[in-house]
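Worksheet: the structure to be examined is printed underneath.
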Amino acid sequence: MQTLTQHLTSQAVNDSLSHLILTLADTSKAISHAVRHGALAGVLGATEQENVQGETQKKLDIITNDMLKDALKADGTVRGLASEEEDHVVEVRQNGQYLVCFDPLDGSSNIDINSLVGTIFSILPAPAGELTETSFLQSGRAQLAAGYVLYGPSTMLALTTGQGVQLFTLDPETNEFLLTNAAMSISPETQEFAINMSNQRFWEAPMQTYIADLLLGKIGPREKSFNMRWIAAMVGDVHRVLSRGGIFTYPSDNKDPKKPYKLRLMYEANPMAFLVEQAGGKASTGYETILDITPTHIHQRVAVILGSANEVDACLSYHGIDSHK
């Protein structure tokens, strides 16, 4: 099996980008160790702090954020970083080539119940000149690489550099990421969907109708039965989609009119959309393709519908969108 280093060389990824990807991968090994030692190390539970989104921070949110910040500051290629846990962008070094956006511990509310969590990252080119928040406001099409690390029964890294999606598994004996799937591919058809049904009464009418038709199964207009899955961690739900197809959606809702969207564009939706498109799937807000959005701020939120291409198209048709035009 190829190691991650060997794979990056075989794909002719340039040295500086390879170095940065390896830094992120190495840090994820340390995060995996911290996650597995959670209760034993006394790092489970919440703090009294909130992040910029107003969410209570878990102890491991802060620990993993600091681990990534420290590693990226030492990497030598990074111009600046943006994190879910940081109010503002962080300048790293003036001659850095890359910007890194990340969610250090996606699904951290799962940590206290020993369920799936992960790290999501996006790498962008650093524009010339002074580093400001505007430097980061590039569409998802500008991403040079993106991926996630899933901390589950095994630790897995899904990665794209624009040449398909590869899956690596951390070998606990050698502490190396080994290539275990050279070409992840999302089947266009599916009978699985993932959504937080507790928000159903708050969704827009198109999404309510779409899900209602899925639940009707064979006796409804879709004429086939669907199964629902929900892990409550985007990294886990998207991993399932990449592994066996499906549609994942976190639509807009009016539960809190000031916060109609849940997922962040820069370090959740964009990297996942890049992975999904590279694996043959589609990713949309319901009204526009995620990777085509020009961000307005680093913590911008969006609706997300992604996964098997034909099922995403079906969902979009309920929103009055003809994806074939």
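Quick reminder: no glycine exception, Cβ is built from N, Cα and C everywhere.
On a predicted model such as this, the values are computed, not experimentally measured, just so you know.
According to DSSP, ASP103 (Mg(2+) 1 binding site) is assigned to a strand segment. Within the same chain, the residues at least 6 positions away from ASP103 (Mg(2+) 1 binding site) whose Cβ sits under 8 Å from its Cβ are SER83, GLU84, THR119, ILE120, PHE121, ARG264, TYR267, GLU268, listed in sequence order. Positions annotated as Mg(2+) 1 binding site by Swiss-Prot, on the basis of sequence analysis: GLU84, ASP103, LEU105.
Using a 10 Å radius centred on the Cβ of GLU268 (Mg(2+) 2 binding site) and all shown protein chains, the other Cβ atoms total 26. Mapped onto three states, the DSSP output places GLU268 (Mg(2+) 2 binding site) in helix. Feature annotation from Swiss-Prot assigns Mg(2+) 2 binding site to ASP103, ASP106, GLU268.
The 10 Å shell around the Cβ of GLY107 (substrate binding site) contains 21 further Cβ atoms across the protein chains shown. According to Swiss-Prot, the feature substrate binding site maps to ASP106, GLY107, SER108, SER109, ASN196, LYS262.
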Candidates SER109, ASN196: member of the binding-site residues with the richest Cβ shell (10 Å): SER109
All-chain count of other Cβ atoms within 10 Å of GLU84 (Mg(2+) 1 binding site): 25
Other C-beta atoms that fall within 10 angstroms of the C-beta of ASP106 (Mg(2+) 2 binding site): 28
Residues close to Mg(2+) 1 site centre defined by GLU84, ASP103, LEU105, Cβ within 8 Å: ASP61, THR64, ASN65, SER83, GLU85, PHE102, PRO104, ASP106, SER108, THR119, ILE120, TYR267
Protein Cβ atoms within 10 Å of LEU105 (Mg(2+) 1 binding site), excluding its own: 31
Cα separation, LEU105 (Mg(2+) 1 binding site) to LYS262 (substrate binding site) (Å, whole number): 16
